[in-house]
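Structure first, commentary second.
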Amino acid sequence: MRKFNIRKVLDGLTASSSSASQQQQQQHPPGNREPEIQETLQSEHFQLCKTVRHGFPYQPSALAFDPVQKILAVGTQTGALRLFGRPGVECYCQHDNGAAVIQLQFLINEGALVSALADDTLHLWNLRQKRPAILHSLKFCRERVTFCHLPFQSKWLYVGTERGNIHIVNVESFTLSGYVIMWNKDLVVHISDNPMLLIGFESGTVVLWDLKSKKADYRYTYDEAIHSVAWHHEGKQFICSHSDGTLTIWNVRSPAKPVQTITPHGKNGQPCKQIFIGIAVADLLC
């Protein structure tokens, strides 16, 4: 039987490896390296940019709708403004200071929008151009803006403040008029007209204000703080939502007490969390 020598096998492998290495060196000598490619593109030749935004805006804080042109406006806590039209039609805008949008008001069918921000500034947007832009701005320095109301087809914007006063802004010139409702009591949480001006205060008081005589015709008082108010479409009643979850229904000409008090989500008439109401809920009035 022939003997197998492992040492000769290893020596043979080492020799073949050395031979292969010498052949590679002969084919690619160290002095003949391939030339390096010079890169001409630099970092300044590239720039990131947003090309599309998809989905509902993050942290929405205000909504408004133009029922004629069918445009929905959404404001956010970061000062962004999104406009939605027919399917596939969207537009994004941004307030420069980044303050939260607390309220939006359309000039119905006029291609304009008023935005109220948390830094007590009002802005008038022109929506009739390809890229919406701010036409006018107005800054309140001594009072904090809490609520705004723009009646249909009116040029007067009512601006309520934390001190309980209401200033009137001419939307065309975006300047303050000389007419001021000086209540000086508590924070304004609601303003609406149908046709008289209804003003709701956080403390629980509602005032029906006569603009011509410059006085309150009626005052309605409830023990709980008010969160929102809505008119019945006939203008003879209105409804208030309160901090304890109660809804109070009032006849305009009966300010002594509400005609009905409802706690829809309470058990056995007990208070619950507050409710925020809108125009649709006001149709529950009888």
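Each residue, glycine too, has its Cβ placed from N, Cα and C.
If you look up TrEMBL, you'll see 14-35 marked as region 'Disordered'. TrEMBL lists 15-27 with the feature compositional bias 'Low complexity'. The annotation repeat 'WD' is assigned in TrEMBL to 219-254.
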(message) Mean pLDDT for the repeat 'WD' (219-254), rounded to an integer?
(response) 93
(message) Per DSSP, what is the helix/strand/coil residue tally across the repeat 'WD' (219-254)?
(response) 0 helix, 20 strand, 16 coil
